[in-house]
Structure formats: C-alpha cells, structure tokens
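Written below as structure tokens is the structure these notes are about.
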C-alpha cells in the first residue's frame, strides 16, 4: 500500500526521470522499455486511485465511512446511497442535461455544417471574413463574457430556462466546429461538386446529397466533442439558472454536496451516477469518442 | 539541433501543401480554373449558408465581448437598472490588491500547471503510442478523466483529500494527513495537481496521435545506427513533435485562464485568497459581491491576457504554421 503514496505526492518526478537518463543507457533492439513501463504503471495508479476511492466509498454506509479504513472496500456494500440520490430527482436533472446537450449539439452541427460548406465552396469576401472571424473566436475565453451574457439573458426574460443554457453553448461551439469541418470539407473532390452542378443540382441539394455523406465522420466527431463539453458544462448553468426544475447534472452535483455535506458516501454516489452515462458511452464507442476529442488538434 | 531542422521543415511544408496539392495532384490545374470561374460569381453557395452560424456567434459571443467592455464603464448590481459610471469600476479594480493577487495566482497556476503537464503528457503520449498490448490496456484507463465533469472531479478530490477520512488516513501515513485544502501553502499545489489529473489525459491523447504519425522508418534507421529508446526519444520523437508541442502548449497556457469550475468547487478561491485566480475573482466580484461593473473590467483584463497569450504563442510557433492552419492543414 505504501508504494502508492510516492506517485501521488510527486507525479512529475516519477515520470520525468524516464527522460532524464543519459541517452546511451539502453541500446537493446526490442528490449522492453522498463522505465517507460514503470512510469506507465505509476500513472495508472494516480488515475485509478481517486476513481477507486469514489466507487468504494459510494457503497459504504455512513457509519462505515467514519469507522473503516478509507481505502478498503466496504465489508457489507450497500446501494442505499444510490437509491437516495435517485430519489432526489436525479431523473429530472438527467433529462435536463439531455435536453440541453441534444438541443445544443443538433443546431451546432446544422449551422456549422452549412457555414463550413459555404466557406469552403464559396469565394466571396464576406465568407472569407466570416472564416477569419471564427478563427479569431477561438482565442476568446468564454469565462470573460459571463457578465454580459447574464445581462442579456435576464433582460430577455430567459433567466432560469434551459434555452438560456442552449443559446450561448451553441455560439461558443461554433468557431472550433466550423474549423474542424472545414478540414474535412476541403477534402471532398471538387470534380464531384462540378459534375453535380452540371446535372443541375442546387447548392442546397449538393449540401445534402454530396457533402453530407462525405463529411459525416467529421460531424460525428464534432458532435461528440461538443456534446461532451455541453454535458459537463458548469459555468453557464451556475450563472444562468437557479431553480431545481432546470438544474443540469453538474450543477445538481454541486447543489447536492452543499445540501448533504455530511453524507460523503451519498455525495460520491451522486458523482458516480452523473458520470455513468458517459462511461457507458466510453465502453461502447471508445475509439470514436477519443478520435472525436482530438479532431482538429492532433494534426 | 541544426541537423534535425531541415527534415522537419520539409515535413511541415509538405503538410501545409497537402490539402490543396497532393490530395488530388492529377486535377490540380482543373481545380484552379474551376475556382476562378466560381469566384467570378456564377454558382458558389451564397453567404446565406453561413448566416445562421454567423448570427448565433455574433449574438452570443461577439456581442457579449463588446458588452463586457461597455459594462466595465457602468455601475450595476445585477438586478436594478445600470448607470454609467465612467472609470470608477476600473479604478476600483486596478487599485484593489486582490486583483494583483489574482493575477499572481493565475500566473503561478499557469506556470506550474505547464511545467507539470507538458513533460508528463509528452512522455505518456509517446508511451501509449506504442503498440504493446499492456499499453493499450493502460490507455483505456488513462483517458477516463476526459469524460468526467470538473464538478465530479472536484467533489471526488475534496473527499479524497479529507484529512480524517481520506487518502492519508487510508494509507496511515501522517505526512499525507494534511489539511490539503485548508492550508494556504498547500492548497495552490493541490489545485495544480488536480488540474493536471484532469487535463493531462487530453494532452496525452493529442501526443499519442502525433507520435503515431512519425514514420516508423525513422526509428528503424535510428535503431540500425544503434540509438536506444531514450536516444530515439530525444533525437526523433521530440523534434518531430515540435508543432504538436506548440499546439498543446497554446491550449495548456490559454486553458489555464479557464480553470474555473474545478477551483470554484474545490476551494472557492480560498483559504483566504490563496487560489483565487482571475476568472474566479471575476465571478465572485460579479455574482457574490454584486459589483458587475468591476467584474466586467476583470473580464476585459481576462480577454486581453487570453488573446495576447494566444498571439504570442502563435508567433513563437512561426508564421508558416499559422498559415497552414488557416488553410486547414
């Protein structure tokens, strides 16, 4: 057990050592990289320990939480904490999160797909300017605009509604989404568009019949990335909503830990429950999920 | 170093040209002429296709950006009507020692987060880029934090770091029985650690992708020359990752300005002002102290810092790189 403590306090040392060794150290052909392997297992411990702690604690009774060793699994596991969280309107928060996420991602994909098509295929000054504007938009820190957004939302009588969360979420997703889609849109061969145009297809038809199937993987990618962003978003819900009716999962998590600050096992059960939907998604479509996350960055 | 620069450059150039040039080499001239006819205004898609995105972005991102500047010259408590107040918000903000402190805390978090995250991400990225099965298995776990919300992570660590019922008590090591979040000297480093825990996986993923794009032939050549794993890392992997390092560094540094939710839940800026970084200071000034004018002025400072940092880092990365990004490389 005590070996686990070293990496937690000095994570950087453990790993940078791998690179700090003199270059001549090992010159074997396919010899296993022992230092790398060691660092890899240490990092695994760093990642897993908090997750393990959360899961085992969420299965403990409150009395056991106070009496047992925090790192040992419960002697008699209980699901009471989960039941309690579920009874505290978990379903509603889940539904709110789903509405906000779907309500944001579909419009994001639609408007960005159309914009990307226009930017890549069209050549007007207006479109070039739009593209530069989106590039610039990448550098704006979202946090900085929370006060004017709060101002606008309250003046428009949208405060404490799900729509108030959806609209700015869409806006802030646009720059990166358009830029990722542009990359893929550029790879659609021009000849295909030309031949469709000669067949008398309008731009609208080309958009859906030609560009859409070819850019679909990129749309999936963008959808996953932005979906994750919106699903986990905390700041907009914090400033733009207040009642439990419209609380989304991350916000409910925070409210829950404020309300039941003494019942740590229940709080951690709520952490597990809010994380489960994405973990299930991860188990099902890990490759696509991870690919979606780095799209536009890894290049 | 000088020996490695030339192949690097050619690779970058090749990459920059890829989207237009080598993707469809046979038809390059045809493409050009088709483009020019369209440019003459025959049948390119109309600007209306871009209008929905542009309107949404303008209304809820650009307008607020202008709004934050405008609001910084007003007096507003968040509820009643606002009134013009000239420079008074700015005077308040700029003379407030807490603002200076917030800037220092932000700079510290940015600096330490970077020096912790960058090397670990590169090493882990190179590690999981390997095709060994156990590495693939480890990678499955490495990326789990990517899925968790900042709120979930913050609450989990808050419990884990509890001096009585957390990690220290579990391991029975008195040294770990600190009041991690209540001690002003420790809290900042705890915050930096948790940020690293949350964000290293993302950068690991970026580096994994980049390392896998390095041609295997380069490693084979190095192995024939007798270079070991570590020599290969420093002489091939690291130089080949140059552009990825710039991208990832930009995201890390500019991203440090957005660590809000995690710190808000973990410490709410405390103890005292020890972890009150700029975005959090802005939120607390606006929504807790109800001084939206001053908070807007802090927002303007945040934008200026964010945009300048992004520009500086892009400059460091070189103009070629920027051009190739705009082209969609």
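Each residue's number is its place along the chain shown, starting with 1.
Heads up, the Cβ atoms here are built off N, Cα and C, so glycines get one too.
Marked as compositional bias 'Low complexity' by TrEMBL: B:22-40.
Among the features that TrEMBL reports, domain 'ABC transmembrane type-1' is placed at B:103-313.
Per TrEMBL, region 'Disordered' is recorded for B:1-44.
The annotation transmembrane segment is assigned in TrEMBL to B:48-73 (among others).
Annotated transmembrane segment per TrEMBL: B:109-129 (among others), in sequence order.
Positions annotated as transmembrane segment by TrEMBL: B:136-160 (among others).
Among the features that TrEMBL reports, transmembrane segment is placed at B:180-200 (among others).
Summarising the annotation, TrEMBL assigns transmembrane segment to B:251-274 (among others). Note on the transmembrane segment (B:251-274): residues 98, 101-102, 105-106, 109-110, 113-114, 117-118, 149-151, 153-155, 157-158, 181-185, 187-188, 190-191, 194-195, 198-199, 203, 280-281, 283-284, 302, 305-306, 309-310, 313 of its chain, located 6 or more positions outside it, place their CB under 8 angstroms from a CB of the stretch.
Beyond its flanks by at least six residues, the transmembrane segment (B:294-313) meets 65, 68-72, 74, 89-90, 92-94, 96, 99, 102, 106, 246, 249-250, 253-254, 257, 278-279, 281-283, 285-287 of its own chain at Cβ-Cβ distances under 8 Å. The feature transmembrane segment is assigned by TrEMBL to B:294-313 (among others).
Through the fold, the transmembrane segment (B:109-129) approaches residues 135-136, 138-139, 142, 188-189, 191-193, 195-196, 199-200, 203-208, 210-212, 233, 237-238, 241, 245, 248-249, 252-253, 256-257, 259, 275, 277 of its own chain, all at least 6 residues removed from its boundaries and within a Cβ separation under 8 Å.
Sequence-distant contacts of the transmembrane segment (B:48-73) (same chain, six or more residues past either end, CB-CB distance under 8 Å): 82, 84-87, 89-90, 292-293, 296-297, 299-300, 303.
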